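Worksheet for the structure shown next.
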Amino acid sequence: MEFECQERLEAANDQRSESGLLNTDLRIGNDGSVEIPNVKLCCQKKKGTLVPSGSKQLLSDKDLSTTIIDLPQALISEILNCLDPKELGLVSCVSTYLHRLASEHHAWKEFYRERWGLPVVFGAASSGLSDERSWKDLFVEREFRSRTFLGRYSIDTLYGHTEAVRTVFLLASAKLVFTSGYDSIVRMWDMEEGLSIAASKPLGCTIRALAADTKLLVAGGTDGFIHCWKSLDGLRNLFDLTGFQKEKTEFRLWGHEGPITSLALDMTSIFSGSWDMSVRIWDRSSMKCVKTLRHSDWVWGLAPHETTLASTSGSDVYIWDVSSETPLAIIPDAHEGTTYSLARSHTGDFLFTGGEDGGIKMFEIRRYGSETSVVLISQWMPHTSPVYSLSFEFPWLVSASGDGKLALIDVRKLLKTNRCAYSKRISSSTVEPPQRMLHGFGSNLFSVDVGYDRIVCGGEEGTVRIWNFTQALEIERRTRALKGMRHENRMRRRRMQMEMNAKNGRPDQCSIAAHKNPINGERNRAWHSKRRASGKAKA
C-alpha cells in the first residue's frame, strides 16, 4: 500500500524556523482550523509548492525537496484528523514516523465512539484497559468482528418458556441474555453456553419489554408497572432473580395507566413507553417520575440519546427535547399502518423504523441551530409481514418480523463521516446495502437484539434462539493468519533472491520486469495491440 497526496505540501527546513513555523506557534481554532501566526504562504507556479510570501530569497530546488513529514507535528496531526479510518490506516504504512503518529492519533477513539459507543467492560478485565490496548487495536478488532455476520453460524435453541416470548435483551458486556413473555417469568441465560441461569417468580401479567445494564434490570408489564432488580456487588450474574439472597433488591414503579411496551436506560434515567399514550422518564437515584411526554396514540417504541428522545406513536415518529418536553420534529405516517419498532445509532443522528407494512426506513436527524429536521435516507422491504423489532450495532441493522425471518442490513455505505468539517454527509450511492436473511422460524418473531457476534431472537413458538457467528470469526482469523504466513514467505524468498543477485553481480530480475512492464498506461497499450490483432473484443 502507498499513500498518495493530491497536492504535495513542500517547505524548506531552514526557512521553517526563520518564518516562525514551529509547533509552539501553532494555534487550533474552535472550528478546527490551524492558525499559523507571522507566516503567510503563497503558491508558486510549481504545483503544490508553498513559499513564505515575505521571503526575499528564492528557495532552491534542493530546499524544496521536503515532504509532509517535515511539517510540524501539530499540523500533521490536524491533517490526519480529516481522514477516515481506512485512509488513516494507509498513512500508517508510509513510514515509521507516520506509523507512530497515525497509530497513536486520538481520532481512533472518536471512530470507536461514533460506531459503538465507549466500551463497557464488566469484571476484572476492566482494570488497565487503556494501558494494555490502544484505541486503534480496539477499533480494528471490533471492525473485524462486525464482518463475521456474513459468514458461518451455529444456532443455540433455548427452552424454558411455556408461552410466546415477547421480548429479549442481550447484555453483551456481562455475557447475559434476558427473556420474557406471556408466561410472565423473566429468565436469565448464559450467552456463551446457552444455559438457563435463573428465573424470576411469575410477575402476574405479560412482560412486553426488558432493559438492563450492569446496575439495573427492568421489566415492563401489561398491568402498567415496571419491575426492577438492582445488581449485587460480588454476584457473578449481577441480578438475584430468584430472591434467595438476603439483601432485598426488587421493587416496582407505578404510574402508567396501560400496558408498558418499551423500556430504555441511560446513566441517570429510566424511559418507559405505554399504551396510555405517554412516555415517562424516571430518575434513577430517586426512582420518581420526573417528566411525562404526551402522544396522540399508543406508544410502541422509544430510543433516547443524550438530551433527545425518539418515539413511535401510531404511525408517527416523534423527536423530543427532553428538557423542555416538547417535540423537535414529527415524521407523520412514517409507515402504512402502525410503526412498531425503532432503533438509533450511537451518535443519535440516524434513526431506523419498522412498520406494519413490512418496510424498514432510515432517517437522518439534522440540526441547524434551534431548528431540527428529519430526512429520509433509504428504505427497504425485506419482509412480507409487520416488522415488530429492530436492533442496531454498527454496521448491522437487524429486524424481526411476523413472517418468521430475520433481515441483516449493512448500512456502512450510508454512514460516511466528514471529520474535517465536523459534520455528517450521506453517500449519494443509490445501491442498497447488502442484505442477509436468516430463516428457521415458522411463526411470528416478536423481538431481536444484536451484540458482538451474537443475534438473539424470540417469538410465538416460545423458544429463544441465539445465532452464534464465532465460527465465522475463527475461520476468518485462520484465513488471515495463513495469508500473513504466505506474504512473509514471499518476502523472505524475495530478500534471499536479492542478496544472491547482489553477491553474483546480477541485476534484480523483478526490477527489470517492472521496468519493462510498468503499472501504467503501457499495459493498456499492449492490451489494445492484442485487441487489434484478434479483431473486436467480445462484450
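Heads up, the Cβ atoms here are built off N, Cα and C, so glycines get one too.
Here Swiss-Prot flags 526-539 as compositional bias 'Basic residues'.
The domain 'F-box' annotation in Swiss-Prot covers 65-111 and rests on sequence analysis. Secondary structure of the domain 'F-box' (65-111) per DSSP, as helix, strand and coil residue counts: 31 helix, 0 strand, 16 coil.
Sequence annotations record features per position, and here Swiss-Prot assigns region 'Disordered' to 505-539.
Nonlocal intrachain contacts for the repeat 'WD 1' (160-199), taken as residues 6+ away from its ends with a CB within less than 8 angstroms of a stretch CB, comprise 120-123, 205-214, 217, 219, 221, 227, 237-242, 444, 446-452, 454, 456-464, 466. Residues or ranges marked as repeat 'WD 1' by Swiss-Prot: 160-199.
Here the repeat 'WD 2' (201-239) has long-range neighbours at 120, 122, 166-169, 171, 173-174, 176, 178-186, 188, 245, 247, 249-265, 270, 272-274, 276, 282, 284, 287, meaning same-chain residues at least 6 beyond its ends whose C-beta is under 8 angstroms from one of its own. Annotation source Swiss-Prot lists repeat 'WD 2' at 201-239.
According to Swiss-Prot, the feature repeat 'WD 3' maps to 255-292. Panel annotation: around the repeat 'WD 3' (255-292), residues 206, 208-213, 216, 218-226, 228, 298-304, 309, 311, 313, 320, 322, 325, 342 of the same chain, lying at least six beyond its termini, place a Cβ under 8 Å from a Cβ of the stretch.
Within the chain carrying the repeat 'WD 4' (294-330), a Cβ under 8 angstroms from the stretch's Cβ atoms is held by residues 258, 261-262, 264, 266, 269, 271, 273-275, 277-279, 281, 336-344, 347-348, 351, 353, 355, 363, 365, 372-374, all 6 or more beyond its ends. Residues or ranges marked as repeat 'WD 4' in Swiss-Prot: 294-330.
Here the repeat 'WD 5' (334-373) has Cβ contacts under 8 Å with residues 113-117, 262, 300-303, 305-306, 308, 310-312, 314-317, 319, 328, 379-392, 394, 397, 399, 401, 403, 407, 409, 411, 414-415, 424, 426 of the same chain, all six or more residues outside its ends. Under the heading repeat 'WD 5', Swiss-Prot lists 334-373.
The repeat 'WD 6' annotation in Swiss-Prot covers 382-419. Residues 81-84, 107, 110, 114-116, 146, 149, 337-338, 340-346, 350, 352-360, 362, 425-427, 429, 431, 433-452, 455, 457, 459, 467 of the same chain, all 6+ positions outside the repeat 'WD 6' (382-419), place their C-beta atoms under 8 angstroms from a C-beta of that stretch.
For the repeat 'WD 7' (433-477), DSSP puts the residue distribution at 8 helix, 22 strand, 15 coil. Summarising the annotation, Swiss-Prot assigns repeat 'WD 7' to 433-477.
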Practice task
State the non-local partners of the repeat 'WD 7' (433-477) in its own chain: residues 6+ outside its ends, Cβ under 8 Å from one of its Cβ atoms.
Solution key: 144-145, 147-172, 177, 179, 181, 189, 191, 194, 378, 380, 382, 385, 388-393, 396, 398-402, 404-414
